[in-house]
Amino acid sequence: MISSKASDYQQRIGYVFTDPSLLLQALRHCSAGTPHNERLEFLGDSVVNLLIAEALFQRWPRADEGALTRARSELVRETSLASIARTMQLGEQLILGPGELKSGGHRRDSILADAVEAVIAAIYLDADLATCRTVVLPWFETALTALPVGKPEKDPKTRLQEWLQARQWSLPVYELIFESGDPHTKHFRVSCTLGELKLRTEGEGSSRRLAEQDAASHAINQLDSNK
């Protein structure tokens, strides 16, 4: 039986479920027992990538593969999905275990992003791809419109790599300094070393990839400040 709170939330996301149990599963973090949302998250990751790729393909008829790929990565990255979750007040609806609830899991980017993917999968399973497209794409409209057409900004690692390659210098070396937290609340610290420049920066994030991007961003900032 779906709660009145969850029932009201369906109006906020713009879709009323035929099978409300799918929404409840999408909102249940693994710390709260089963059935939780990890399988839905897996499916939702593929669905949202398809929807965004399709939207970009149609909107940017002259963009090359690289530009389309970078734009999609920008739109479906963890921080972007977490921003959508906050706009929809998704964190308030999450079903968390006592530990996650106490540690503020409903505010954590990784948990929010995973929940968005799970909700997308739930809509897809409850209806079909066409309905999912109609419901979900408006969530991304502001971010889609804000992207510079055909030329989305490259991520920090790509920008740093291209800057070094243009000068025929060695590529940066990323090393894990430490990781902490349980499997669902990981925190990573990574270093980025530029040999020829004797420059070393550090970055943090909820995944190693995000920590590397953060470290690369700090390196770019230092290079810019030394110009």
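Keep in mind that glycine also has a Cβ here, set from the backbone N, Cα and C atoms.
Feature annotations, reproduced from Swiss-Prot:
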DOMAIN    6-128  domain 'RNase III'
BINDING   E41, D114, E117  Mg(2+) binding site
ACT_SITE  D45  active site
ACT_SITE  E117  active site
DOMAIN    155-225  domain 'DRBM'
REGION    203-227  region 'Disordered'
COMPBIAS  203-212  compositional bias 'Basic and acidic residues'
If you count Cβ atoms within 10 Å of the Cβ of E117 (Mg(2+) binding site), leaving out that atom itself, what do you get?
24
Quick one: average pLDDT across the domain 'DRBM' (155-225), no decimals.
89
Give the sequence-ordered set of same-chain residues, not counting E41, D114, E117, with Cβ within 8 Å of the centre of the Cβ atoms defining the Mg(2+) site.
N37, E38, L40, F42, G44, D45, A113, A115, V116, A118, A121
Going by DSSP, is E117 (Mg(2+) binding site) sitting in a helix, a strand, or coil?
helix
Check each residue in the chain of D114 (Mg(2+) binding site) that is at least six apart in sequence and keep those whose C-beta is under 8 Å from its C-beta; list them in sequence order.
N37, E38, E41
E117 (Mg(2+) binding site) and D45 (active site), Cα-Cα, nearest whole angstrom:
6
Give me the count of other Cβ atoms within 10 A of the Cβ belonging to D45 (active site).
19
